[in-house]
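Below is one structure, written out as C-alpha coordinates; comments come after it.
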Amino acid sequence: MSTTESTAVTRETTLTSVNPATGETIASHPIADEQAVAAAVATARSAAAVWGRLSYADRKRHLLRWGSRIVARSEEFCDLIHAENGKPRDDAFLELMLALEHIKWAANNAEKVLKPKKVSPGALMSNFAAYIEQRPLGVVGVIGPWNYPVYTPNGSIAYALAAGNAVVFKPSEYSTGIGNFLAALFAEANPELPEGVFATINGYGATGAALVNAGVNKIAFTGSTATGKKIMAAAAETLTPVLLECGGKDAVIVAADADIKAAADAVAYGATMNSGQTCAGVERVYVDKSISGEFIAEVKRILTDIHPGSDSKASYGPMTMPSQIDIVRRHIEDALKKGGTAVLGGPESIKGNYIEPVVLVDADESSEAVCEETFGPTVTIRTVTGIDEAVELANSNKYGLGSTVFSRKRGLEIARRLRAGATSVNSVLGFAAISALPFGGVGDSGIGRIHGAPGLLEFTSPHSIAVQRFAVPGMALLSYTRTDRTMNLLRKVVPLIHGRHK
Ligand code: NAD
(Lines of atoms letter the chains of each structure in order from A and count residues from 1; the text may use other names and numbers.)
(Lines give C-alpha, C1' and ligand atoms only; values in the text may rest on other atoms or scores of the structure.)
Protein backbone atom coordinates (compact mmCIF):
# COMPACT_ATOMS: atom_id res chain seq x y z
CA MET A 1 0.00 0.00 0.00
CA SER A 2 1.32 3.45 -0.80
CA THR A 3 1.96 6.09 1.84
CA THR A 4 -0.79 8.23 0.37
CA GLU A 5 -3.30 5.46 0.86
CA SER A 6 -1.99 4.71 4.33
CA THR A 7 -2.41 8.30 5.54
CA ALA A 8 -5.69 8.65 3.67
CA VAL A 9 -7.39 6.47 6.26
CA THR A 10 -7.23 9.25 8.83
CA ARG A 11 -9.30 11.49 6.51
CA GLU A 12 -11.46 9.09 4.56
CA THR A 13 -14.45 7.32 6.02
CA THR A 14 -15.14 5.02 3.09
CA LEU A 15 -13.00 2.68 1.06
CA THR A 16 -13.77 2.26 -2.62
CA SER A 17 -13.22 -1.12 -4.17
CA VAL A 18 -12.17 -0.99 -7.81
CA ASN A 19 -12.08 -3.50 -10.68
CA PRO A 20 -8.35 -3.70 -11.58
CA ALA A 21 -9.13 -4.60 -15.21
CA THR A 22 -11.50 -1.72 -15.90
CA GLY A 23 -10.94 0.81 -13.13
CA GLU A 24 -14.69 0.75 -12.45
CA THR A 25 -15.96 1.20 -8.90
CA ILE A 26 -17.41 -2.03 -7.50
CA ALA A 27 -18.60 -0.86 -4.08
CA SER A 28 -17.86 1.45 -1.17
CA HIS A 29 -17.28 0.18 2.35
CA PRO A 30 -17.23 2.18 5.60
CA ILE A 31 -13.75 2.27 7.14
CA ALA A 32 -13.56 0.95 10.69
CA ASP A 33 -11.84 3.41 13.02
CA GLU A 34 -10.40 2.47 16.42
CA GLN A 35 -13.81 2.58 18.13
CA ALA A 36 -15.41 0.39 15.48
CA VAL A 37 -12.53 -2.10 15.75
CA ALA A 38 -12.86 -2.17 19.55
CA ALA A 39 -16.63 -2.74 19.23
CA ALA A 40 -16.09 -5.62 16.78
CA VAL A 41 -13.58 -7.24 19.13
CA ALA A 42 -15.99 -6.84 22.10
CA THR A 43 -18.82 -8.49 20.12
CA ALA A 44 -16.43 -11.26 19.08
CA ARG A 45 -15.41 -11.76 22.71
CA SER A 46 -19.05 -12.42 23.72
CA ALA A 47 -19.50 -14.71 20.73
CA ALA A 48 -16.28 -16.59 21.60
CA ALA A 49 -17.75 -17.48 24.99
CA VAL A 50 -20.60 -19.30 23.23
CA TRP A 51 -18.67 -20.71 20.25
CA GLY A 52 -15.73 -21.88 22.40
CA ARG A 53 -18.07 -23.90 24.64
CA LEU A 54 -19.71 -25.81 21.77
CA SER A 55 -18.65 -29.42 21.25
CA TYR A 56 -16.27 -30.22 18.41
CA ALA A 57 -19.17 -31.99 16.69
CA ASP A 58 -21.33 -28.85 16.83
CA ARG A 59 -18.58 -26.60 15.53
CA LYS A 60 -17.92 -29.12 12.76
CA ARG A 61 -21.59 -28.96 11.74
CA HIS A 62 -21.49 -25.15 11.57
CA LEU A 63 -18.24 -25.11 9.59
CA LEU A 64 -19.40 -27.71 7.06
CA ARG A 65 -22.67 -25.80 6.60
CA TRP A 66 -20.58 -22.72 5.83
CA GLY A 67 -18.72 -24.76 3.21
CA SER A 68 -22.00 -25.83 1.63
CA ARG A 69 -23.17 -22.23 1.54
CA ILE A 70 -19.95 -21.26 -0.28
CA VAL A 71 -20.67 -24.02 -2.82
CA ALA A 72 -24.28 -22.88 -3.24
CA ARG A 73 -23.21 -19.31 -4.04
CA SER A 74 -19.92 -20.15 -5.77
CA GLU A 75 -20.89 -18.69 -9.17
CA GLU A 76 -21.69 -15.34 -7.60
CA PHE A 77 -18.56 -15.58 -5.45
CA CYS A 78 -16.35 -16.33 -8.49
CA ASP A 79 -17.83 -13.35 -10.33
CA LEU A 80 -16.97 -11.11 -7.38
CA ILE A 81 -13.42 -12.51 -7.13
CA HIS A 82 -12.96 -12.01 -10.88
CA ALA A 83 -14.22 -8.44 -10.66
CA GLU A 84 -12.39 -7.30 -7.54
CA ASN A 85 -9.11 -9.25 -7.87
CA GLY A 86 -8.92 -9.63 -11.66
CA LYS A 87 -8.11 -13.36 -11.76
CA PRO A 88 -9.95 -15.58 -14.28
CA ARG A 89 -13.18 -17.19 -13.03
CA ASP A 90 -11.65 -20.69 -13.27
CA ASP A 91 -8.80 -19.63 -11.00
CA ALA A 92 -11.35 -18.13 -8.61
CA PHE A 93 -13.19 -21.48 -8.54
CA LEU A 94 -9.93 -23.36 -7.87
CA GLU A 95 -9.24 -20.98 -5.01
CA LEU A 96 -12.68 -21.64 -3.51
CA MET A 97 -12.18 -25.39 -3.96
CA LEU A 98 -8.91 -25.30 -2.03
CA ALA A 99 -10.47 -23.18 0.73
CA LEU A 100 -13.34 -25.68 0.99
CA GLU A 101 -10.84 -28.52 1.39
CA HIS A 102 -9.29 -26.67 4.32
CA ILE A 103 -12.62 -25.86 5.96
CA LYS A 104 -13.50 -29.56 5.78
CA TRP A 105 -10.10 -30.71 7.04
CA ALA A 106 -10.12 -28.29 9.97
CA ALA A 107 -13.72 -29.21 10.85
CA ASN A 108 -13.09 -32.96 10.61
CA ASN A 109 -9.75 -33.04 12.41
CA ALA A 110 -10.07 -30.45 15.18
CA GLU A 111 -11.28 -32.97 17.76
CA LYS A 112 -8.62 -35.55 16.92
CA VAL A 113 -5.79 -33.00 17.07
CA LEU A 114 -7.00 -30.90 19.99
CA LYS A 115 -8.84 -33.27 22.34
CA PRO A 116 -7.28 -33.75 25.79
CA LYS A 117 -4.32 -36.11 25.71
CA LYS A 118 -3.07 -38.22 28.60
CA VAL A 119 0.73 -38.28 28.87
CA SER A 120 3.11 -40.32 30.98
CA PRO A 121 3.88 -38.64 34.32
CA GLY A 122 7.33 -40.30 34.48
CA ALA A 123 8.67 -42.77 37.05
CA LEU A 124 9.14 -40.29 39.90
CA MET A 125 5.59 -38.89 39.55
CA SER A 126 3.86 -42.19 38.82
CA ASN A 127 1.14 -41.50 41.41
CA PHE A 128 -0.10 -38.69 39.09
CA ALA A 129 -2.25 -38.64 35.96
CA ALA A 130 -1.08 -35.97 33.48
CA TYR A 131 -3.20 -34.32 30.77
CA ILE A 132 -2.60 -31.74 28.04
CA GLU A 133 -5.73 -29.84 27.07
CA GLN A 134 -5.77 -27.38 24.17
CA ARG A 135 -7.83 -24.28 25.00
CA PRO A 136 -9.07 -21.83 22.38
CA LEU A 137 -7.29 -18.47 22.62
CA GLY A 138 -10.48 -16.38 22.54
CA VAL A 139 -10.57 -13.76 19.76
CA VAL A 140 -8.17 -14.09 16.82
CA GLY A 141 -7.52 -11.07 14.61
CA VAL A 142 -6.85 -12.08 11.01
CA ILE A 143 -5.27 -9.58 8.60
CA GLY A 144 -5.21 -10.71 4.99
CA PRO A 145 -3.67 -9.96 1.59
CA TRP A 146 -5.44 -9.61 -1.76
CA ASN A 147 -3.63 -12.11 -4.01
CA TYR A 148 -5.54 -15.20 -2.81
CA PRO A 149 -8.22 -13.25 -0.98
CA VAL A 150 -10.15 -16.36 0.15
CA TYR A 151 -7.65 -19.23 0.30
CA THR A 152 -4.93 -17.39 2.16
CA PRO A 153 -6.79 -15.77 5.08
CA ASN A 154 -9.02 -18.85 5.27
CA GLY A 155 -5.91 -20.82 6.31
CA SER A 156 -6.14 -18.85 9.55
CA ILE A 157 -9.90 -18.25 9.73
CA ALA A 158 -11.14 -21.85 9.30
CA TYR A 159 -8.50 -23.30 11.62
CA ALA A 160 -9.02 -20.62 14.30
CA LEU A 161 -12.79 -21.22 14.19
CA ALA A 162 -12.41 -25.02 14.29
CA ALA A 163 -10.22 -24.63 17.37
CA GLY A 164 -13.03 -22.71 19.12
CA ASN A 165 -12.03 -19.07 18.62
CA ALA A 166 -14.06 -16.14 17.31
CA VAL A 167 -12.44 -14.31 14.39
CA VAL A 168 -12.31 -10.62 13.48
CA PHE A 169 -11.01 -10.40 9.91
CA LYS A 170 -9.60 -7.34 8.18
CA PRO A 171 -9.42 -8.15 4.48
CA SER A 172 -6.99 -6.30 2.24
CA GLU A 173 -8.21 -2.95 0.97
CA TYR A 174 -7.94 -4.55 -2.51
CA SER A 175 -10.29 -7.43 -1.66
CA THR A 176 -12.74 -5.95 0.84
CA GLY A 177 -15.88 -7.14 -0.94
CA ILE A 178 -14.52 -10.70 -1.19
CA GLY A 179 -13.63 -10.82 2.52
CA ASN A 180 -17.07 -9.54 3.49
CA PHE A 181 -18.79 -12.06 1.22
CA LEU A 182 -16.88 -14.91 2.90
CA ALA A 183 -17.99 -13.78 6.36
CA ALA A 184 -21.57 -13.11 5.20
CA LEU A 185 -21.83 -16.71 3.98
CA PHE A 186 -20.78 -17.98 7.42
CA ALA A 187 -23.55 -15.91 9.06
CA GLU A 188 -26.05 -16.93 6.38
CA ALA A 189 -25.27 -20.62 6.95
CA ASN A 190 -25.49 -20.31 10.72
CA PRO A 191 -28.27 -17.85 11.63
CA GLU A 192 -28.69 -19.32 15.12
CA LEU A 193 -25.15 -18.42 16.17
CA PRO A 194 -24.54 -15.16 18.03
CA GLU A 195 -23.27 -12.22 15.99
CA GLY A 196 -19.48 -11.96 15.91
CA VAL A 197 -18.29 -15.58 15.68
CA PHE A 198 -16.74 -14.53 12.36
CA ALA A 199 -16.96 -10.84 11.48
CA THR A 200 -15.06 -8.43 9.25
CA ILE A 201 -13.78 -4.90 9.76
CA ASN A 202 -12.81 -2.92 6.68
CA GLY A 203 -10.09 -0.43 5.97
CA TYR A 204 -6.47 0.25 5.08
CA GLY A 205 -3.36 -0.47 7.13
CA ALA A 206 -4.49 1.79 9.98
CA THR A 207 -7.53 -0.42 10.58
CA GLY A 208 -5.22 -3.47 10.68
CA ALA A 209 -2.96 -1.62 13.14
CA ALA A 210 -6.00 -0.84 15.32
CA LEU A 211 -6.87 -4.56 15.33
CA VAL A 212 -3.33 -5.42 16.50
CA ASN A 213 -3.81 -3.00 19.43
CA ALA A 214 -7.38 -4.05 20.26
CA GLY A 215 -6.59 -6.71 22.85
CA VAL A 216 -7.13 -9.73 20.60
CA ASN A 217 -5.55 -12.98 21.78
CA LYS A 218 -3.54 -13.57 18.60
CA ILE A 219 -2.88 -11.83 15.29
CA ALA A 220 -2.70 -14.06 12.23
CA PHE A 221 -1.21 -11.94 9.48
CA THR A 222 -0.61 -12.75 5.82
CA GLY A 223 1.07 -10.13 3.68
CA SER A 224 4.42 -8.54 2.99
CA THR A 225 7.46 -9.02 5.21
CA ALA A 226 7.72 -5.26 5.78
CA THR A 227 4.18 -5.10 7.21
CA GLY A 228 4.76 -8.33 9.16
CA LYS A 229 7.71 -6.72 10.94
CA LYS A 230 5.62 -3.65 11.85
CA ILE A 231 2.86 -5.88 13.21
CA MET A 232 5.27 -7.96 15.28
CA ALA A 233 6.79 -4.79 16.77
CA ALA A 234 3.34 -3.37 17.62
CA ALA A 235 2.14 -6.70 19.05
CA ALA A 236 5.22 -6.86 21.30
CA GLU A 237 3.81 -3.94 23.32
CA THR A 238 1.03 -6.19 24.65
CA LEU A 239 2.79 -9.56 24.17
CA THR A 240 0.07 -10.46 21.68
CA PRO A 241 1.27 -13.61 19.89
CA VAL A 242 1.65 -13.39 16.13
CA LEU A 243 1.49 -15.79 13.23
CA LEU A 244 3.21 -14.22 10.23
CA GLU A 245 2.81 -15.56 6.69
CA CYS A 246 4.98 -13.26 4.62
CA GLY A 247 6.68 -12.99 1.26
CA GLY A 248 8.77 -15.48 -0.68
CA LYS A 249 11.34 -15.82 -3.43
CA ASP A 250 10.82 -19.47 -4.20
CA ALA A 251 13.44 -21.42 -6.08
CA VAL A 252 13.08 -24.40 -8.41
CA ILE A 253 15.94 -26.85 -8.88
CA VAL A 254 15.94 -28.76 -12.15
CA ALA A 255 18.43 -31.61 -11.85
CA ALA A 256 20.24 -33.31 -14.74
CA ASP A 257 17.89 -36.31 -14.49
CA ALA A 258 14.66 -34.22 -14.50
CA ASP A 259 11.73 -34.75 -16.84
CA ILE A 260 12.50 -31.58 -18.82
CA LYS A 261 9.03 -31.08 -20.29
CA ALA A 262 7.30 -31.54 -16.92
CA ALA A 263 9.77 -29.17 -15.21
CA ALA A 264 9.29 -26.52 -17.92
CA ASP A 265 5.51 -26.83 -17.67
CA ALA A 266 5.64 -26.41 -13.87
CA VAL A 267 7.98 -23.42 -14.07
CA ALA A 268 5.91 -21.70 -16.77
CA TYR A 269 2.71 -22.13 -14.75
CA GLY A 270 4.20 -21.49 -11.30
CA ALA A 271 5.88 -18.27 -12.41
CA THR A 272 3.01 -16.62 -14.25
CA MET A 273 -0.34 -17.90 -12.92
CA ASN A 274 -2.26 -15.29 -10.96
CA SER A 275 0.00 -12.75 -12.77
CA GLY A 276 2.89 -14.06 -10.68
CA GLN A 277 1.18 -12.63 -7.61
CA THR A 278 1.68 -15.81 -5.59
CA CYS A 279 3.63 -15.87 -2.33
CA ALA A 280 4.89 -19.39 -3.08
CA GLY A 281 5.05 -18.88 -6.85
CA VAL A 282 8.15 -19.67 -8.89
CA GLU A 283 10.57 -16.73 -8.97
CA ARG A 284 14.03 -18.30 -9.50
CA VAL A 285 15.16 -21.43 -11.33
CA TYR A 286 18.51 -23.26 -11.11
CA VAL A 287 18.89 -25.75 -13.93
CA ASP A 288 21.74 -28.18 -14.57
CA LYS A 289 23.97 -27.16 -17.48
CA SER A 290 23.55 -30.55 -19.21
CA ILE A 291 19.87 -29.77 -19.91
CA SER A 292 19.59 -25.99 -19.58
CA GLY A 293 19.38 -25.24 -23.32
CA GLU A 294 16.49 -27.62 -23.88
CA PHE A 295 14.76 -26.55 -20.65
CA ILE A 296 14.94 -22.80 -21.37
CA ALA A 297 13.69 -23.35 -24.93
CA GLU A 298 10.72 -25.33 -23.60
CA VAL A 299 9.80 -22.70 -20.98
CA LYS A 300 9.95 -20.06 -23.71
CA ARG A 301 7.86 -22.17 -26.07
CA ILE A 302 5.09 -22.63 -23.48
CA LEU A 303 5.02 -19.01 -22.32
CA THR A 304 4.95 -17.62 -25.86
CA ASP A 305 1.32 -18.76 -25.98
CA ILE A 306 0.36 -17.51 -22.53
CA HIS A 307 -1.29 -14.10 -22.32
CA PRO A 308 -2.98 -12.00 -19.65
CA GLY A 309 -6.41 -10.53 -20.14
CA SER A 310 -9.86 -10.20 -18.72
CA ASP A 311 -11.78 -12.36 -21.21
CA SER A 312 -12.61 -16.05 -20.86
CA LYS A 313 -9.50 -17.07 -22.84
CA ALA A 314 -7.00 -15.19 -20.67
CA SER A 315 -4.42 -17.31 -18.85
CA TYR A 316 -4.21 -14.82 -16.03
CA GLY A 317 -5.54 -11.39 -15.18
CA PRO A 318 -4.25 -7.85 -14.64
CA MET A 319 -1.93 -6.80 -11.85
CA THR A 320 -4.30 -6.36 -8.90
CA MET A 321 -2.28 -3.70 -7.10
CA PRO A 322 -1.11 -0.96 -9.52
CA SER A 323 1.94 0.00 -7.39
CA GLN A 324 3.44 -3.47 -7.98
CA ILE A 325 3.87 -2.75 -11.71
CA ASP A 326 6.75 -0.34 -11.05
CA ILE A 327 8.50 -2.93 -8.87
CA VAL A 328 8.24 -5.54 -11.65
CA ARG A 329 9.64 -3.02 -14.17
CA ARG A 330 12.53 -2.12 -11.85
CA HIS A 331 13.43 -5.80 -11.33
CA ILE A 332 13.45 -6.53 -15.08
CA GLU A 333 15.60 -3.50 -15.82
CA ASP A 334 18.02 -4.27 -13.00
CA ALA A 335 18.42 -7.88 -14.17
CA LEU A 336 19.21 -6.72 -17.72
CA LYS A 337 21.67 -4.14 -16.38
CA LYS A 338 23.38 -6.82 -14.28
CA GLY A 339 24.21 -9.20 -17.12
CA GLY A 340 20.87 -10.94 -17.64
CA THR A 341 19.32 -11.68 -21.01
CA ALA A 342 15.58 -11.58 -21.65
CA VAL A 343 14.84 -14.67 -23.76
CA LEU A 344 11.15 -13.81 -23.68
CA GLY A 345 9.70 -10.32 -23.24
CA GLY A 346 11.34 -7.48 -21.37
CA PRO A 347 10.32 -4.05 -20.04
CA GLU A 348 8.04 -3.72 -23.10
CA SER A 349 5.98 -6.65 -21.77
CA ILE A 350 4.35 -4.24 -19.33
CA LYS A 351 1.21 -3.02 -21.08
CA GLY A 352 -0.86 -0.88 -18.74
CA ASN A 353 -2.25 -3.10 -15.97
CA TYR A 354 -1.25 -6.27 -17.83
CA ILE A 355 2.19 -7.84 -17.92
CA GLU A 356 3.08 -10.48 -20.52
CA PRO A 357 5.41 -13.32 -19.33
CA VAL A 358 9.09 -12.39 -19.03
CA VAL A 359 11.93 -14.95 -18.89
CA LEU A 360 15.32 -13.65 -17.72
CA VAL A 361 18.40 -15.85 -18.09
CA ASP A 362 21.65 -15.66 -16.10
CA ALA A 363 20.93 -12.39 -14.31
CA ASP A 364 23.50 -11.74 -11.60
CA GLU A 365 22.58 -13.26 -8.23
CA SER A 366 22.84 -9.77 -6.70
CA SER A 367 20.15 -8.32 -8.99
CA GLU A 368 16.77 -7.40 -7.50
CA ALA A 369 15.02 -9.91 -9.77
CA VAL A 370 16.95 -12.68 -7.99
CA CYS A 371 17.10 -11.31 -4.42
CA GLU A 372 13.77 -9.55 -3.87
CA GLU A 373 10.15 -10.71 -4.25
CA THR A 374 9.06 -9.56 -7.74
CA PHE A 375 5.39 -10.63 -7.51
CA GLY A 376 4.87 -10.43 -11.25
CA PRO A 377 4.76 -12.90 -14.20
CA THR A 378 8.54 -13.03 -14.54
CA VAL A 379 11.12 -15.71 -13.81
CA THR A 380 14.91 -15.84 -13.62
CA ILE A 381 16.75 -18.95 -14.83
CA ARG A 382 20.39 -19.66 -14.00
CA THR A 383 22.50 -22.50 -15.36
CA VAL A 384 24.42 -24.37 -12.63
CA THR A 385 26.99 -27.14 -12.45
CA GLY A 386 25.45 -29.86 -10.32
CA ILE A 387 23.14 -30.11 -7.34
CA ASP A 388 25.51 -28.66 -4.74
CA GLU A 389 25.67 -25.32 -6.55
CA ALA A 390 21.91 -25.34 -7.12
CA VAL A 391 21.18 -26.01 -3.43
CA GLU A 392 23.65 -23.38 -2.27
CA LEU A 393 22.15 -20.69 -4.54
CA ALA A 394 18.55 -21.71 -3.73
CA ASN A 395 19.33 -21.39 -0.02
CA SER A 396 21.18 -18.06 -0.35
CA ASN A 397 18.11 -15.88 0.02
CA LYS A 398 16.57 -14.10 3.00
CA TYR A 399 13.19 -15.70 2.25
CA GLY A 400 12.35 -19.38 2.74
CA LEU A 401 8.71 -20.13 1.91
CA GLY A 402 8.14 -22.80 -0.75
CA SER A 403 10.47 -24.53 -3.19
CA THR A 404 10.37 -27.10 -5.97
CA VAL A 405 12.66 -29.89 -7.13
CA PHE A 406 12.56 -31.75 -10.42
CA SER A 407 14.64 -34.95 -10.41
CA ARG A 408 13.69 -38.50 -11.36
CA LYS A 409 15.90 -40.18 -8.77
CA ARG A 410 17.08 -37.65 -6.19
CA GLY A 411 13.97 -35.51 -5.54
CA LEU A 412 13.50 -36.30 -1.87
CA GLU A 413 17.22 -36.12 -1.13
CA ILE A 414 17.49 -32.64 -2.69
CA ALA A 415 14.24 -31.47 -1.01
CA ARG A 416 15.69 -32.34 2.42
CA ARG A 417 18.64 -29.99 1.81
CA LEU A 418 16.47 -26.94 1.09
CA ARG A 419 15.96 -24.13 3.60
CA ALA A 420 12.22 -23.63 3.14
CA GLY A 421 8.90 -24.26 4.85
CA ALA A 422 7.75 -26.59 2.06
CA THR A 423 9.00 -28.34 -1.05
CA SER A 424 7.11 -29.86 -3.94
CA VAL A 425 8.92 -32.66 -5.78
CA ASN A 426 8.21 -33.23 -9.49
CA SER A 427 5.22 -30.85 -9.37
CA VAL A 428 4.74 -27.23 -8.44
CA LEU A 429 2.88 -26.02 -5.31
CA GLY A 430 1.69 -29.55 -4.41
CA PHE A 431 2.12 -28.81 -0.70
CA ALA A 432 -0.38 -25.93 -0.84
CA ALA A 433 -3.19 -28.23 -1.98
CA ILE A 434 -2.74 -30.95 0.67
CA SER A 435 -4.73 -29.86 3.71
CA ALA A 436 -2.83 -32.01 6.19
CA LEU A 437 0.49 -30.32 5.33
CA PRO A 438 1.40 -27.25 7.38
CA PHE A 439 2.18 -24.11 5.37
CA GLY A 440 4.52 -21.30 6.33
CA GLY A 441 8.09 -20.16 6.02
CA VAL A 442 11.46 -19.56 7.60
CA GLY A 443 13.57 -16.39 7.66
CA ASP A 444 11.84 -13.38 6.12
CA SER A 445 8.94 -15.60 5.01
CA GLY A 446 7.48 -15.59 8.50
CA ILE A 447 6.77 -17.33 11.76
CA GLY A 448 4.31 -20.12 12.52
CA ARG A 449 2.19 -22.40 10.38
CA ILE A 450 -1.31 -22.47 8.92
CA HIS A 451 -3.00 -25.70 7.71
CA GLY A 452 -2.79 -29.24 9.05
CA ALA A 453 -2.46 -30.19 12.72
CA PRO A 454 0.12 -27.44 13.45
CA GLY A 455 -2.37 -24.95 11.95
CA LEU A 456 -4.98 -25.98 14.53
CA LEU A 457 -2.50 -25.95 17.41
CA GLU A 458 -1.48 -22.36 16.42
CA PHE A 459 -4.90 -21.17 17.60
CA THR A 460 -4.90 -22.87 21.00
CA SER A 461 -2.96 -22.62 24.20
CA PRO A 462 -1.89 -25.81 25.96
CA HIS A 463 -3.23 -26.21 29.47
CA SER A 464 -1.29 -28.82 31.48
CA ILE A 465 -3.16 -30.60 34.25
CA ALA A 466 -1.48 -32.87 36.80
CA VAL A 467 -3.87 -34.89 39.00
CA GLN A 468 -2.48 -36.68 42.06
CA ARG A 469 -4.34 -40.00 42.05
CA PHE A 470 -3.08 -41.17 45.46
CA ALA A 471 -0.47 -40.07 47.97
CA VAL A 472 2.59 -42.29 48.53
CA PRO A 473 3.43 -42.18 52.25
CA GLY A 474 6.78 -40.48 52.78
CA MET A 475 7.11 -39.67 49.08
CA ALA A 476 5.49 -36.22 49.04
CA LEU A 477 8.27 -34.58 47.02
CA LEU A 478 6.63 -31.15 46.87
CA SER A 479 5.89 -30.80 50.57
CA TYR A 480 7.66 -29.98 53.85
CA THR A 481 6.50 -33.43 55.05
CA ARG A 482 9.19 -34.97 52.83
CA THR A 483 11.49 -37.15 54.99
CA ASP A 484 15.26 -37.85 55.04
CA ARG A 485 14.39 -41.42 54.09
CA THR A 486 12.74 -40.18 50.92
CA MET A 487 15.80 -38.11 50.01
CA ASN A 488 18.12 -41.05 50.64
CA LEU A 489 15.96 -43.19 48.39
CA LEU A 490 15.97 -40.52 45.66
CA ARG A 491 19.76 -40.27 45.81
CA LYS A 492 19.88 -44.00 45.00
CA VAL A 493 17.16 -43.98 42.35
CA VAL A 494 18.20 -40.86 40.37
CA PRO A 495 21.62 -42.28 39.32
CA LEU A 496 19.86 -45.47 38.20
CA ILE A 497 17.50 -43.49 35.97
CA HIS A 498 19.82 -40.75 34.67
CA GLY A 499 23.41 -41.75 35.45
CA ARG A 500 24.06 -44.83 33.34
CA HIS A 501 24.69 -43.30 29.93
CA LYS A 502 28.27 -43.38 28.66
P1 NAD B 1 0.61 -5.89 2.64
O2 NAD B 1 1.63 -6.20 3.68
O3 NAD B 1 0.72 -4.61 1.92
O4 NAD B 1 -0.86 -5.90 3.28
C5 NAD B 1 -1.38 -7.03 3.93
C6 NAD B 1 -2.45 -6.60 4.90
O7 NAD B 1 -1.87 -5.86 5.97
C8 NAD B 1 -3.52 -5.69 4.29
O9 NAD B 1 -4.77 -6.09 4.79
C10 NAD B 1 -3.13 -4.32 4.81
O11 NAD B 1 -4.21 -3.42 4.90
C12 NAD B 1 -2.61 -4.67 6.18
N13 NAD B 1 -1.70 -3.68 6.78
C14 NAD B 1 -0.89 -2.79 6.15
N15 NAD B 1 -0.18 -2.08 7.06
C16 NAD B 1 -0.55 -2.54 8.29
C17 NAD B 1 -0.15 -2.22 9.62
N18 NAD B 1 0.78 -1.30 9.88
N19 NAD B 1 -0.72 -2.90 10.64
C20 NAD B 1 -1.63 -3.86 10.40
N21 NAD B 1 -2.06 -4.21 9.16
C22 NAD B 1 -1.51 -3.56 8.11
O23 NAD B 1 0.62 -7.14 1.67
P24 NAD B 1 -0.25 -7.36 0.34
O25 NAD B 1 0.30 -6.49 -0.73
O26 NAD B 1 -1.69 -7.30 0.66
O27 NAD B 1 0.07 -8.88 0.00
C28 NAD B 1 1.15 -9.29 -0.78
C29 NAD B 1 2.21 -9.91 0.10
O30 NAD B 1 1.64 -10.98 0.83
C31 NAD B 1 3.34 -10.52 -0.70
O32 NAD B 1 4.58 -10.23 -0.07
C33 NAD B 1 3.05 -12.02 -0.61
O34 NAD B 1 4.18 -12.84 -0.74
C35 NAD B 1 2.46 -12.12 0.76
N36 NAD B 1 1.66 -13.33 0.91
C37 NAD B 1 2.13 -14.33 1.72
C38 NAD B 1 1.41 -15.50 1.84
C39 NAD B 1 1.89 -16.61 2.74
O40 NAD B 1 1.11 -17.49 3.03
N41 NAD B 1 3.13 -16.61 3.19
C42 NAD B 1 0.21 -15.67 1.14
C43 NAD B 1 -0.24 -14.63 0.33
C44 NAD B 1 0.49 -13.47 0.23
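Here the Cβ of each residue, glycine as well, is placed from N, Cα and C on the backbone.
What TrEMBL lists as active site is GLU245, CYS279. Annotated domain 'Aldehyde dehydrogenase' per TrEMBL: 13-463, in sequence order.
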Mean pLDDT over the domain 'Aldehyde dehydrogenase' (13-463): what is the value?
97
CB neighbours within 10 A of CYS279 (active site), counting all protein chains shown, number 27
Looking only at Cβ atoms, how many others are within 10 Å of the one on GLU245 (active site)?
29
For GLU245 (active site) and CYS279 (active site), the CA-to-CA distance in whole Å is 9
Could you say whether, by DSSP, GLU245 (active site) belongs to a helix, a strand or a coil region?
strand
